[in-house]
Each structure stands twice: as C-alpha cells, then as structure tokens.
C-alpha cells in the first residue's frame, strides 16, 4: 500500500493542490497529515483527494471541532486527533504533530511501533532508530526551509520517497 505523508501546510493552497495531485497520480490509499493545516478553508481542497485522511492537530490548528467536522464531511473514514496509534498493512504507526517532544521520544523508544511519523519542525527526517522508521516529511508550505516537501511510504517494501513540490 502507498501512503502519502505531509505536514505543516500552513494555508499554502498552491502546494496543497500540488500534493493532492501527486497523491492521486500515485494512487495512494491513505494520506497522513501531521498537523498545522492552520485555517479551515484549506480543508475544502482535500475534497479532491482520492484517499482517506489520518491527521493530527498541530499547534497552529485553531477550530479543532470544526476541523474534525469538515474532515468527516469529506469522508466519514477520515480521522483527526492529537496522537494516533493505528495499524496499516501489519505495521504499527504512531502519528503526532511533534510539538510534544517527550511524547514523540517515548513513542520512538517504546518498542510498540514500526513507524513513527511527525511534523512541526519543518525539517525533513527519514531514519531508522532501533528498528523504528522515523519520518518527518518536512513542510508542505516551504515557508521556513524554502523546500516544500511531501513523501510517499510503500508499506510493502518499507521504503520512503521524498518529493519536492515544484
């Protein structure tokens, strides 16, 4: 299964549209968004996504109840929470925005997860720590680093591919 991974979209509509187009072209079945959508209006863009969404709230996401409601309106299978533990293709995932550093570190060290995915720092990370894949897709918006990125994880091969949005 292919999983699209993104974070820190920060209202950047052109890059959100590019990411959705890539995810649709790649036939991803699920998109993980690690938070910081920021404004509610960006959720409407995800109506064009041909996959369900697993998302976390970021520290810049305000209207949490409405955010959850709007995501559910797009697809009843969409979920959003502060921390998510989910199994996909026999892999155990922990997903968070990443602004609670101690929680992130505990998840990585716990031995409970195969994959830990987070955002918040806007810095790209792909590493293996004690048999745990640790992924930060960087920032979709490109505001801090100047390099807008998303990623695709192939769960069968356990391979991650970074994509720079141009």
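Each Cβ is built from the backbone N, Cα and C atoms, and glycine gets one as well.
When the candidates 100, 122 are compared with the Mn(2+) 1 site entry in Swiss-Prot, which names 8, 10, 36, the shared residue is 122. Using a 10 Å Cα-Cα cut-off around residue 59 (Mn(2+) 2 binding site), the binding-site residues 10, 36, 122 reduce to 36. It is 11 Å from the Cα atom of residue 10 (Mn(2+) 1 binding site) to that of residue 120 (Mn(2+) 2 binding site). Excluding the listed site residues 8, 10, 36, 122, the same chain places 7, 9, 35, 38, 58, 60, 119, 120, 139, 140, 141, 143, 144 with Cβ atoms within 8 Å of the centre of the Ni(2+) 1 site Cβ atoms. If you take the Cα of residue 122 (Mn(2+) 1 binding site) and the Cα of residue 97 (Mn(2+) 2 binding site), they are about 11 angstrom apart, rounded to a whole number. Residue 97 (Mn(2+) 2 binding site) sits 9 Å from residue 8 (Mn(2+) 1 binding site), taking the C-alpha atoms as the reference points.
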